[in-house]
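Chemist: This is the structure, below, for whatever I ask next.
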Amino acid sequence: MASKLLRAVILGPPGSGKGTVCERIAQNFGLQHLSSGHLLRENLKTGTEVGDVAKQYLEKGLLVPDHVITRLMMSELETRSAQHWLLDGFPRTLVQAEALDGICDVDLVISLNIPFETLKDRLSRRWIHPSSGRVYNLDFNPPQVQGIDDITGEPLVQQEDDKPEAVAARLRRYKDAAKPVIELYKSRGVLHQFSGTETNRIWPYVYTLFSNKITPIQSKEAY
């Protein structure tokens with residue numbers, strides 16, 4: 001078993017179950033799960049320099065550009081250089097992937113593919129706790145009390161961009177941006193693609209992939 005630090009990435013459109021898979025990987029293998037969305041929210045909330053720059057774009061209804069997200073992630077990764085980590089939501093574009101290349105070699109990339117109809121149904125059942133980013137799904141991860149966050153008791157909201165037309169546009173945007181990233185990692189022999197909708201079905205394969213790279217801290221039965 002190699003003793004080098006593991007550098008892993010998970011790719012997938014919003015609603016593909018990335019967050020759930022990442023949580024299981026982190027729990028079973030002790031990796032740091034670094035979500036670009038979560039880090040962005042934290043920086044917006046605490047008013048860091050990069051958070052303030054991102055806010056200027058978001059207030060205009062614009063996507064946060066590559067260079068801002070890259071700067072956010074690079075500064076976080078600098079502080080995590082002695083840890084195994086798993087990136088979620090980064091790199092989303094070829095420019096971001098090339099920036100990541102500048103600081104490390106990625107060992108393992110998982111790409112989750114999901115049919116549009118499934119994604120549309122799943123996102124329409126999705127409710128979010130805005131301040132923490134916690135996500136609930138009414139079918140397979142419902143809150144204990146409908147419309148209320150389990151931990152804080154604050155109300156949950158549905159996002160505008162979880163509506164079908166918005167989901168279709170997001171999926172197209174994701175695919176257009178992710179295609180060259182997927183091709184890059186495929187050409188390096190580090191990409192593993194999974195199609196389907198059920199985390200439980202793909203989990204044994206994901207567990208095996210990571211087990212070949214890093215010693216588990218608990219068995220795969222620990223869901």
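Using N, Cα and C of the backbone, Cβ positions are placed for all residues, glycine too.
Annotation source Swiss-Prot lists ribonucleoside 5'-triphosphate binding site at Gly15, Ser16, Gly17, Lys18, Gly19, Thr20, Arg126, Val135, Tyr136, Thr199. The annotation AMP binding site is assigned in Swiss-Prot to Ser36, Arg41, Leu62, Leu63, Val64, Gly89, Phe90, Pro91, Arg92, Gln96, Arg170 on the grounds of sequence analysis. Look at Swiss-Prot and you will find Lys60, Lys179, Lys186 tagged as N6-succinyllysine, backed by a large-scale study or a structure entry. Marked as N6-acetyllysine by Swiss-Prot: Lys175, Lys179, Lys186. Taken from Swiss-Prot, the feature region 'NMP' covers 35-64, and the record attributes it to sequence analysis. Look at Swiss-Prot and you will find 125-162 tagged as region 'LID', backed by sequence analysis.
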Chemist: I need to check the long-range neighbours of the region 'NMP' (35-64): which residues 6 or more away from its ends have a CB within less than 8 Å of a CB in the stretch?
Modeler: 19, 22, 71-73, 75-76, 87-90, 92, 131, 133
Chemist: Quick one: of Lys60, Arg92, Lys175, Lys179, which of the recorded positions has the smallest count of other CB atoms within 10 A?
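Modeler: Counting other Cβ atoms within 10 Å of each of the recorded positions Lys60, Arg92, Lys175, Lys179 gives the minimum at Lys60.
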Chemist: Gly15 (ribonucleoside 5'-triphosphate binding site): which of the recorded positions Lys60, Arg92, Arg170, Lys175, Lys186 is the nearest Cα neighbour?
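Modeler: For Gly15 (ribonucleoside 5'-triphosphate binding site), the spatially nearest of the recorded positions is Arg170.
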Chemist: Just to verify: the residue among Leu62, Val64 with the fewest other Cβ atoms within 10 Å, which of the binding-site residues is it?
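Modeler: It is Leu62 that, of the binding-site residues Leu62, Val64, has the fewest other Cβ atoms within 10 Å.
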Chemist: Report the largest Cα to Cα distance, in Å and rounded to a whole number, among the residues Gly15, Ser16, Gly17, Lys18, Gly19, Thr20, Arg126, Val135, Tyr136, Thr199 that the record lists as binding ribonucleoside 5'-triphosphate.
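Modeler: If we measure all Cα pairs in Gly15, Ser16, Gly17, Lys18, Gly19, Thr20, Arg126, Val135, Tyr136, Thr199, the largest is 16 Å.
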Chemist: Treating G and I as helix alongside H, and B as strand alongside E, what does DSSP give for the region 'LID' (125-162) in helix, strand and coil?
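Modeler: Counting residues per DSSP class in the region 'LID' (125-162), I get 3 helix, 13 strand, 22 coil.
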Chemist: To the nearest whole angstrom, state the Cα distance for the pair Leu62 (AMP binding site) and Lys179 (N6-succinyllysine).
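Modeler: That comes out at 22 Å between the alpha carbons.
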Chemist: How many whole Å apart are the CA atoms of Gly17 (ribonucleoside 5'-triphosphate binding site) and Lys179 (N6-succinyllysine)?
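Modeler: About 19 Å separate the Cα atoms of these two residues.
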